[in-house]
Structure formats: structure tokens, C-alpha cells
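Asker: Submitted below is the structure of interest, expressed as C-alpha cells.
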2 protein chains.
Amino acid sequence: MLQRLRGFRDMYPEYMRARRIVFDKICSVARSFGFHEVDTPSVELLDLFRIKSGEEIVKQTFSFVDKGGREITLIPELTPSVSRMIAARKDLIKPVKWFSFPKMWRYEEPQSGRLREFYQFNADIFGVANITADAEVMALAMEILDSLGLKGKYVMKFSDRILMEELLRSLNIEKIEEAFRIIDKKDKIPEERFYEEMLKITSEENVDSLISLLKLSGDVDTILSKFEHFERSEILASLKDLLKAYGKTATLDLSIVRGLAYYTGVVFEVHDANGEFRAVLGGGRYDRVVELFGAQPTPAVGFGMGDAVLELLMRREGVWPEEKIEVDYFIAIIPGFRKEAIEIAMELRRSGCVVDIDLSRRSIGKQLKYAHRINAKYTIIVGEEIKNGEVALKDMESGEQRNVKIGELKEVIEK
Amino acid sequence: MLQRLRGFRDMYPEYMRARRIVFDKICSVARSFGFHEVDTPSVELLDLFRIKSGEEIVKQTFSFVDKGGREITLIPELTPSVSRMIAARKDLIKPVKWFSFPKMWRYEEPQSGRLREFYQFNADIFGVANITADAEVMALAMEILDSLGLKGKYVMKFSDRILMEELLRSLNIEKIEEAFRIIDKKDKIPEERFYEEMLKITSEENVDSLISLLKLSGDVDTILSKFEHFERSEILASLKDLLKAYGKTATLDLSIVRGLAYYTGVVFEVHDANGEFRAVLGGGRYDRVVELFGAQPTPAVGFGMGDAVLELLMRREGVWPEEKIEVDYFIAIIPGFRKEAIEIAMELRRSGCVVDIDLSRRSIGKQLKYAHRINAKYTIIVGEEIKNGEVALKDMESGEQRNVKIGELKEVIEK
């Protein structure tokens, strides 16, 4: 028997119902913020991803040569495709606020919270350089989590590339790009290696100072009070005030890195409060990326949130929706009354109800058993009584059964 | 600049809004019929598709060898994955009614109504051998089209593999599989070639009879009256009666083929009434497919409907939804009142409204212009009046503007 590929998922109805509730909620919060949905191809030229991420990305993608000899790939992220869309439409009204929730693929070793095929919610604002836009996307991220019942169960941590640059310069580090490159991989390399590489561009004392700076995490005002003389502090303080107006709080944490070479301002990550899982979501400001794809220079800020870690967290916190299918009515049929039963089904379906109907021509006993197993709230039994314009209505929870006029069916049930 | 691949689409917000309305409607009708949503991987082992379709399918797929040396493919259809899901769960309650609306990919020459990447709605019933299930899926297909405003704009045509088999036998054709194979490709080969191949298994006179049979199309009773002595006629007549109970009609058309070798009973296709486009949707009964994937023998009937032809037809009939973005409120901000503006935005957003807010710190004149361009129904201007608990509310259509108490904002607007 042929199994599915490792890191891929089959999703059955019970599970899908829970996912649909979560996905709909996420999209509906994004819409309420004035974000509009877009969709992009799932397959793109591999070169599109090389532009932003270099040859590095190739190893992590499902990429291949197609029958036309083109190097193509399943998309591992959304920014390149969306940037191309921005570039292609000169008439777009800025700010542009877009979201999408596509499948993505990464050729990585599957593990808890990391799959080869996953869905990722993305929201971005293009065309606003002001910190107001950073606040709007960070608030959106937190409002989504709050709306999913995760209030108090997560921490929004942020850092800032410009502040970091000021800090590096204060440590007499002039090779800023090189320093960011090293800081970027700090958590993936041994501390000695970090020292070794840093010592090529600054003194041992400065590396020690840098390391303690990178450990700073906590209340925004407390940390910023150490950096009052830095220009960027004022902006970050105003970010904190804006978030407060949204009813949200964030922690300043200089260890948040997220590819400082790629981001140009605020970077942020949400982690579960226990720190048990990988990041729930991450994002930041990337003002110099969109122009790489042929657009006018376009300031941009946004975030991405995969479905896997979010689900782990929601399950742990007991807020993952119940996984069960259900229908409003099952219509059981006494032989000879199928036509009438179908007519009743269609009337209820058109009025917005979820209605299943016997298709198997089984006994009434078996039909009722099936109705129980698909969690029907009511069973409508269509038989002889239809000649008096009546059907039997059975409440599947209480077991109570009584005859009801067809015309009064909806009314009786709504009570 | 790197373009997207041919046969793939970038979808901007205006277009996505229309699509979302259509997609939501389709899924909501499927739910009302008691179908439950499932999701499958977009990438599968290529062998999974060879099982059902043989080597033929390989040419038409986006398939490749992955970094682990496996022959894998982007899914060109759903049946194999869904059959595997049926096989893997012995506890499933039959009948199983599933739908999904995934992306699929085919490596074919793009043309009107045929793309390399497309969405396809699928609905299937597993576990019911009775014609009642055929009627239920055909009715679902038609109810979806009716709900999209296409009533009277399409024709549901069906044929039947079992009737065809009886007809072939009545023409003394014994090599049924071979005959189906040839009939299957009838429309793709020249008539002489069809004759030539058919003459290998029957007489010229019989081929002529077969050709006139294949041209039969029209009222079910009229055509079936020619075949009263065939056992299958009764079943097909009852299919017609069942559809009538659903409020639907279908045409019996023996030219509908759809791979008779794969289907085991009724096959159907919906075409636009003018016959301008390729089929809008197609399906049928395939009782011997699911077991190929390791499941118990499982009767099955279902259909697939791509998004491309449906869109062409809806546009032609003027029922494609309007392509425009819109928001309920835009919140314009007088300098100094951003905090209060954000608080009002969040209150409205939480109450279910779609609310955009100034992020660009532009002049009020420019903010109002932006509000017009994003089709805001109202603009709320937050300024000095907030000190009296008031904001200015501007109706963007009438241009009328007046001051409103914040607490009464929702109430005033709902009127």
C-alpha cells in the first residue's frame, strides 16, 4: 500500500472542522483590520527565491527541473511572489494591506511543529515607512492569537535592527553587515566559534559587552532607559505606546534576530509563554526587499504564522476546537416515501440547514443508528404521516419523538 | 524581472473577493448536503497515480525526483489520495460524504478554461451502491450551479456504463473493455480510425448502429423507451425520478464517455447551455477504484469541478461577483489623536466591522482621498471633538458629515 510522504498530512473531516474554525477566525480578524486576501502560484521559478535568499534556500526547497527545462520550486515563502505582484501593478493604492493563507513546502527534516507541507498565514503592509504600520501588524498578530483564546498564553518579543546598528557602532564595530551575519547564526554555532568570528572585527571586551546586550529582555521602558542617548529609542518607545492603544503589550528582547541582514527595522517573534515550542509567528520590517523584484522602493512590514506550532499551542492550552462532525438533521425514510423526504431535505438545505438523508435504503433502526454516529441533532422520519402533512421529529439528544406538521418543522426546531 | 510561470495566476484582492464569494457559496451548499471537508497532501508518490491511470498520467503531471530519490508529483487529481484515506480508516461510518477544494496541477498546454495550476472542487459519496447516491451528487452539482445564479444556463448530461455494455452486447460486441477503450478516444481520433479499430471487434453494420446510438441525446423517457427491454433502463428511469424530487432535470446523452473503462455506472458532465466552453464539471460512479488503493471494495460516486470554466461561464452570464475591495470604515486621524483613533478602530473591529485606519500620517484631505479609493462606506474623523466624546462621521457616498457620540457610533451607522 502506498503511504503518503513523510511530513505531509491527510486531514479527515473531524480534524478539518476544527481547522476550519481556526482558519476562518484568523482570516476574519485580518479582514476586520482592513487586510485584503491575495493568492499566488504555488510553483515559481527557483531564481525568484535566489534573489532574496541566495543559493542557501535551494537546499531547503522542493525544487526540480520541469519538462520545459526550467528550474522551478514549490514556494517555501511568500515574499518574493507578493513582491512581484506589487511590482506588476503600478496603480495600487498605498498603503496596501494584504493577507493570504497558502500551503508552503520546505525540504527539511520533519519534527514537532515543523512539517514539509504546511499552511502559513501571511499579512503585510506595503507603502508605509512609519512605525504606525509596525504597530498595526504586531497588533493584528496579537489580536488573532487573543481571538483564538490564547490571551496571556504567549509573549510578543521584538528587537530592532536600527537600534542594534547603533549599539554595534557604540562598541566601535564598523563592519555592521558582517556583525549581523555572525549574530544571525549565533544560536546555531558554539559560543567559542561566535567569539572567534567576532574577534576578527572587534575586541574581546566588546564581544563580552555585545553578548550581555543580546541577553537583554523585558519591559520596553526599562531596557530603553539604558539607551536614552540612542536616536532609535524614541521610535521604539512610541511603538510601545501605539501597541498600548491597541490594548497589547510586547517585550523588548535583543536576542530576537530573525535574519537581521534581511530586515531593516523592527523584528518580532511570538513564543508560547512556557517557551516549550518553536516560534508561533515571526516577522518585521523589510524596506529593501520589494525593490529586488522590480518594484519601486517600497517600505514593507509583515509576519508569517505557520499552522503547526499554533495547533500545538492551542491544544496544550485546551482551546483547540472540538474535533467532531455534526449535522443539523438526518432524514430517515420509510420505504415508499423517498420523493417526499428529498423534497423536505432540499427545503431545509436551502434555508441554510445542514441536512443528511438516507441513501442506503436500510431499516429505520439502522438509519437512526447512522444518525447518531454522524451526530445529527434531530432525525426527521418521513413515512405514512406525510399523507396528513406530518413527519416524526426525533430529538437525538433527549430521544424525545413527536409528530410535527411539515410547514411548522423549522419553527418547532428553532425553538 | 522574473515573471510567474505560464498557466499560473497571481490573484489580486479585487479578484480574490469575487472568488471568495463563489468558493464560499460552493462549500456552503456542499455542507448543507451533509458533505464534510477533507484535505490531502498536494504532493504524492507518482506511483499512487500510476495505479489508476497507468503510465499515461505521467506525461501530464508536474512530477520529479526529490532529494531523497523518490518519484513524486504535484497532484493532478484527488481520487487516489482520498481512496488512500478511506483505506487507512477502518472505523469510518459509511456512507462517507466528503468534499474538498484543493489546488491541482497538470502539465498541459494552457488555453481558455485550462490552466497548469487550478482549484478543483470535489465531492464524493463512498459506501453506497444505490442509485440514490448518484442522484444526491448530481443534485449537489446542480444545486451549486443554481445557487451561483446559473439556473437554466447549463445542461446536465449523463450516460451509463452498464447500459452501454448492454447495448454493445446487443450489437454482438463481446470485447467490451476493448470497445470502451475505443469509444473513450472517439472524439480525439478521426472517424476512419474509429471505424478501423471497431471493425476489428465487430461488423461494419454494427459500427454504424453504435455511432447512431452514441448520438442519442435528449429526454430520458424518450430515449429509454427505445431500450425498454434492457434491465438498466429501470434504474436510469428511477434516477430521473429522484432528480425530479430534488427539483432538477438531466439529459440522457450516450455521447458522454469520460473514461468508461474507469467508471462503472452513471457518468455525467455539465456543459454551458450554448456549448461554448469545455465541461464545467464531470463525474460518475467508480465502484472498483477505491479497492486499488488498499481499501475494502467500496462503491463510490462523485464529481470534480475546476474553477476556470466555471468562472468563464459565470462571467458570460453576468453572475460573476463584482470585483472590488471595500471596507466599512476608514478612520482618519487629526495629528495628536492617534491613540483615541486606534481605540475606536479596535472596538469596531471586535464588533465584526471591517476597519482601516490611517497609518501614513498624511493630511486629512489625503486621508479622505484614500478612504474613497479603498471604497470605505464611512470615514470616522478623530480630532478635537474627542474631548467631548465625539467624532465626525462622514457618509462617503452622500458626502454628508456630522458629529456623533462615540458610544452611539455603531447605533447611528446601523440605521
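Here the Cβ of each residue, glycine as well, is placed from N, Cα and C on the backbone.
Keep in mind that what you see is a predicted model, and the values were worked out from it rather than measured.
TrEMBL feature annotations, pasted as is:
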- B:GLU77, B:LEU78, B:THR79, B:ARG106, B:GLN120, B:ASP124, B:ARG258, B:TYR262, B:TYR263: L-histidine binding site (BINDING)
- B:30-335: domain 'Aminoacyl-transfer RNA synthetases class-II family profile' (DOMAIN)
Asker: For the domain 'Aminoacyl-transfer RNA synthetases class-II family profile' (B:30-335), provide the mean pLDDT of the predicted model.
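Answerer: Mean model confidence (pLDDT) across the domain 'Aminoacyl-transfer RNA synthetases class-II family profile' (B:30-335) is 94.
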Asker: At its widest, how many Å does the recorded L-histidine site span between Cα atoms of B:GLU77, B:LEU78, B:THR79, B:ARG106, B:GLN120, B:ASP124, B:ARG258, B:TYR262, B:TYR263?
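Answerer: Max Cα-Cα spread across the L-histidine binders: 21 Å.
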Asker: When DSSP is mapped onto helix/strand/coil, what comes out for B:ARG258 (L-histidine binding site)?
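Answerer: Its secondary structure by DSSP: coil.
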Asker: At a 10 A cut-off on CB-CB distances, which of the binding-site residues B:THR79, B:GLN120 has the highest count?
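Answerer: Of the binding-site residues B:THR79, B:GLN120, the highest Cβ count within 10 Å belongs to B:THR79.
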Asker: My understanding is the cutoff is Cβ-Cβ under 8 Å with a sequence separation of 6 or more in the same chain; which residues meet that for B:TYR263 (L-histidine binding site)?
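Answerer: Spatial neighbours, sequence-distant, of B:TYR263 (L-histidine binding site): B:ARG161, B:GLY284, B:ARG285, B:TYR286.
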Asker: Reduce the DSSP letter at B:GLU77 (L-histidine binding site) to three states and note it down.
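Answerer: Where B:GLU77 (L-histidine binding site) sits, the three-state DSSP reduction gives coil.
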